[in-house]
Amino acid sequence: MAEEPTYTAEQVNDVVHAGLGTVDFFLSRPVDGQSSLGKGSVPPGITAVLTNAAELKAKTAAAAPVKPKRKKIQHMTPAYTIADNGDPNRLPANTPIANPLIPIERPPGRMTDLDLATGTVTQGTYKGVELAKAGKNALLTRFSSGPSLTDQASSKDPNFKRGGEIDGRHKGRHRREWSIAWVGDEVKVYEWCNPTCAPVTATDRKFSCTCGTCPDRCGECEGDN
């Protein structure tokens, strides 16, 4: 058996004093629980274990894979344009004024204009004028308990609703459709024809016949442009 090493009292005192010095050094400094001990923070002496542990931890952290940072996705949101409330008479000639109720492109049809202030009808058809007047009354009495636009129109024509009911078997013909909008002080009524086999949509759109029996022109759309 190997003989156990023996230490003199002087050697034991040196080891104890070195250990106490290391403890006093760290107790006299603020301790951050999330940080590791660097090699430079370890005082000289019998501290080989602490030094090796600090170096091993530093090497492990350096060798760890670096996670790539996620790029922030920027959504391409179109900018909004706020309309100017200035006098429209001061705008340059032919300045287009956007209105969500009036599409830029329309199918062939007719426009009826009714001035709310004077009651003057610029152009249009009999049906368009009746609808424009009903639209004017609805605009002026929309906060009252009077009859609604639907009641006024349907009382004169039961088939006022676009795509009114067709009795019996389907026959190829046209269906008159209308679109009402308020622009400034005017009521604009736009009308056009669609084949009865076409669907009824919320947009001003011209459909083609799918049943093969609807005519290309009818008595109502002969004057459309």
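Cβ coordinates are placed from backbone N, Cα and C, and glycine is handled just like the others.
In sequence order, Gly109, His174, Arg175, Arg176, Glu177, Cys218, Glu220, Cys221, Asp224 make up the list of same-chain residues 6 or more apart from Cys193 (Zn(2+) 1 binding site) whose Cβ falls under 8 Å from its Cβ. Annotated Zn(2+) 1 binding site per Swiss-Prot: His174, Cys193, Cys218, Cys221, in sequence order, evidence recorded as similarity to another entry.
If you look up Swiss-Prot, you'll see Cys197, Cys209, Cys211, Cys214 marked as Zn(2+) 2 binding site. Just so you know, the Cβ of Cys209 (Zn(2+) 2 binding site) picks up 16 other Cβ atoms within 10 Å once every protein chain is counted.
The compositional bias 'Polar residues' annotation in Swiss-Prot covers 145-157.
According to Swiss-Prot, the feature compositional bias 'Basic and acidic residues' maps to 158-169.
Annotation comment: Swiss-Prot describes 145-172 as region 'Disordered'.
Residue environment of His174 (Zn(2+) 1 binding site) contains 20 other Cβ atoms, counted within 10 Å of its Cβ in all protein chains. Counting Cβ atoms from all protein chains shown, Cys221 (Zn(2+) 1 binding site) has 20 others lying within 10 Å of its own Cβ. The highest number of surrounding Cβ atoms within 10 Å, among the binding-site residues Cys197, Cys211, Cys214, Cys218, is found at Cys214.
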